[in-house]
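As given in TrEMBL:
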- 1-18: signal peptide (SIGNAL)
- 116-137: transmembrane segment (TRANSMEM)
- 157-177: transmembrane segment (TRANSMEM)
- 233-251: transmembrane segment (TRANSMEM)
- 291-311: transmembrane segment (TRANSMEM)
- 331-352: transmembrane segment (TRANSMEM)
Amino acid sequence: MHKLRVLFLLTIPVICGADCVTQFSESSLAMLMNERRTIEVLISGCSNIQNLTINVEHEGYLAIFPNILQINGTTTGNFHIDIKALTAGETSIYLEPLPPEQIIKFVKVQVYKSELLEVLSIIVGWTYFFCWTISMYPQVLQNFRRKSVVGFNFDSVVINITGYALYSIFGIGLYYGPVIRKQYEERNPFSIIAVQPNDVFFGIHGLLLSSIKGAQCLCYDTGGQTISWFAKWFHYITAVILIVSGILSLTNKLEWLDFLYICSYIKLAVTFCKYGPQAIMNYKRKSTDGWSIEAVLLDIVGGLFSVLQMFMNAYNYDQKLTWIFKNPAKLWLGISSLLFDLLFVVQHYCLYNKKWKNKRQDENDVKVETTIPLNQIQRLQE
């Protein structure tokens, strides 16, 4: 079953003049392909406007009737628009005329091939969100039960705290900051602000759990472990970048949106850097004791489902696979996380598996005890 979802992203989609304002009657609309729906456009203060043209960003995706609204100086009124989905893909609907100084407001349209795939994509999305969220708890619980953080790398903890703090700043600023949202809309007139409430929750939740792990490192037995020079220098450089960019933003030399982008870039660096210290520590100790494999297994499930959703959406939106590479950060972060997680699995279950080593040692001991020296065999034969 084909389906179209039309996302009306803003309550005041178009400002046509100093006093002319239009508003769509629906905040969201779902349609089956080839099905027609009617929405209203509410007009007010448009006495100087004769006609409004309904434009579709990409041809061939939608059929719109009428494509011209005859305002004829109407001060206030409702106008009906018929929409029909034609083919799968993504596009936008917007109205003209629009003064050059105004921000283009639009209706983002997503046309799906299959209703089933859309539902599955939503399920997959919430599944990896749930897995990544609860993956933070096993290590906290293990540290609490052992009253020790021996085997759990401090560098990963402090780097993660910084990463989630910056992720939270980025999410809160872009979702709740009106000035920053306006700057984003000016630069990206036909793009959706991708940050959602669950992204804000994920960042704050991750910061809280990482801070708890940091507190455990201060309270429990550490085995003499300290923060390495690598983590210290990482934070020195991060602090300098944030202070300089913050001063530039406060003095209007840099827009706050750019400051948030800088925070997001550092977060990407955190994701690449946070796994290495734990992997190296496991290698040096030849053990994974004190470190939770359950967190890694949940992270693997989340990473697989994240990449799976990208491929599902690429097919369902009738996009080429190159569409996936339009979000390279998400793709390569997911792949890099999976590669490190697989390394951790090999370390835990193969290289440094205590049960496997003990079993091999027991087998060797049995062989030694049951082996009869050659000279004793010769004496027995005599």
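From the backbone N, Cα and C atoms, a Cβ is placed for every residue, glycine too.
All TrEMBL annotations are machine predictions without curation.
For the transmembrane segment (291-311), same-chain residues at least 6 beyond its ends with a Cβ under 8 Å from one of its own Cβ atoms are 121, 124-125, 127-129, 131-132, 134-139, 142, 151-153, 278, 282, 321, 324, 327, 330-331, 334-335, 337-338, 341-342, 344-345, 348-349. Sequence-distant contacts of the transmembrane segment (116-137), counting only residues of its own chain at least 6 positions beyond either end whose CB sits under 8 Å from a CB of the stretch, comprise 1, 3, 5, 198, 202, 205-206, 209-210, 294-296, 298-299, 301-306, 308-309, 312-313, 315-316.
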